[in-house]
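As given in TrEMBL:
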- A:27-44: transmembrane segment (TRANSMEM)
- A:50-69: transmembrane segment (TRANSMEM)
- A:101-123: transmembrane segment (TRANSMEM)
- A:130-148: transmembrane segment (TRANSMEM)
- A:236-259: transmembrane segment (TRANSMEM)
- A:271-296: transmembrane segment (TRANSMEM)
- A:316-335: transmembrane segment (TRANSMEM)
């Protein structure tokens, strides 16, 4: 009734194969994009940008990246925090070494550097699988964090080991540094999110994505039908790390402004992004957004509800918040192990049939 | 359903912004997370002093002080969220986290809010010509490092030639702060510095103390926080390191740190810039106006502890700065700009502390446009495990300005160059 496809005819294969084959979906997508680009920047304020939208967008990029590796290619990784740190420190070194080059190029280059590091740490995946691979990537996490804390060159020999992002502009608008307006910071992150989601969607439905999924579903069978595990696995590590690196670069340069590797890119960050992917839905771009939204917005919402709304003491609220988020994670995993993306798909199925469910 | 939820989200988020006419001093506290045990005491002390002023005097200059609290869990991302949530109308921030301070330093100069970081944060913020909005009086980490070395010099008849001093530090911005100063001091006084990093949060220190047992340093200095201190003191007791040769920075000097090691911690020393215990006249007023009526933060369970006293001291300095600002501005409803003026003209004298009811509780210091850090005085306290109390064993001592001033100038100039700040002139 509300959500129907009757009369929505396709006359070419191209139309049939598009990302949003249903007209209503497509319109919804365009509407969301239009609101995100043309409305939100004019109404955004510091609080919305810093507390909700920037972390949501940045974590969405990170979870798209990890979803490619874990959800599409089936290679478990616990090194996301370390790879984000590579992105952050690369962009810091690039920004301070080549101040005349545009920060957008720096962020993309930080992604490329992270991709190379990711490929290097992906090499063990050719030999080991599953939990053993997870442990190998865990080693990457600890090694990278240790490296950035240990070698002063990475933090330009500052006394405290903190890195601070200098001010850089895009088209005359400051996007990093403290003078950047919330709208500028939001738009730069949004641009990277749209880019990441578009690239990821098109990679995963093309040949390379099919190779990843073949490896995920059964690597021996994939090898027999002619998928080269070396190129498939390493490309998954490379592409995934590219996005994770961009997320790390944005997290440091645009969102936090100053970072310290152990605190900002510790093992907790790896788990956080992995939870986003699992809760959102493995092997789904929408799931990456849903997972990021769930884990970024829910704690802020609960905090504001419990402290601002009910006037509870902050420590009690913080504890209850942890318990509620934890309980909801377990609830969602029991009710829908395939994540929020699957839940969304079911809702759509139901809406298509409504009001005649049989 | 979706719409309703969205409305609820929007409503709840909007509700977070306070819109009150009183003076607002947000308390970015942490009562959860790895450092929650310490953060709770600090936040209680901070809250209780303002509650006392509100209850007894009706605020400062007739203005009630609002202290909205926001939980950061010592996490920088939550710290940013808390800052944005509480900054509307706020006068001054005191986040009690060096990491969050580094993030807020550029933000406060744009938003024009005062950042007051007593005894933590960025040391070179002492240079008011570069860091217009940041104050770190009465003492900073480099002062602490220098005072600890000075104390050791006194103990050794003025020479540390050939001695070995180990620095056990939290491997983070906070713990790395004193290294530069200690390196300079080791050149000046001829001692060897051994750097021993401990990974956060610091529960695992077996290898570090094995290294100390092997290298046999004469003294150990510690820059630790939270659980790291307890573990370090316990490990030091385990290897029978002489406790009187073990000196912590002020953040490694609370009851929480020494209690778990029991008698083993007897004789452990730490620096402090505030008094501890309840032997001050102010506590009687606190009892009548705050604790007895049941208005104390968390029921007043930590009153008089070292970290509680430090939180209270931060509140005392902020309150004095507000008073000064009101006096200068001639109005009681001051703005952050006026509060900054208040800080820059602050004169904390011994007489004023006695008047407040806290004689000899903190050092006397004055601030001005160029000097945002005071004279950096601190003293040494020693733990008496039998009595379960800290005893102050030295008077307030001044740090070695000859070593510190060039370092502060160098670091703040580096920051100014990096951030593109033109240092203002002070006359």
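Every residue, even glycine, has its Cβ placed from backbone N, Cα and C.
Counting Cβ pairs under 8 Å to the transmembrane segment (A:236-259), the stretch among A:27-44, A:101-123, A:130-148, A:271-296, A:316-335 with the most such contacts is A:101-123.
Take the transmembrane segment (A:101-123) and the stretches A:27-44, A:130-148, A:271-296, A:316-335: counting Cβ pairs under 8 Å, A:130-148 has the most. Long-range contacts of the transmembrane segment (A:130-148) within the same chain, counting only residues at least 6 positions beyond its ends with a Cβ under 8 Å from a Cβ of the stretch, are 75-83, 85-86, 89, 117, 121, 124, 154-155, 261-262, 265-267, 270.
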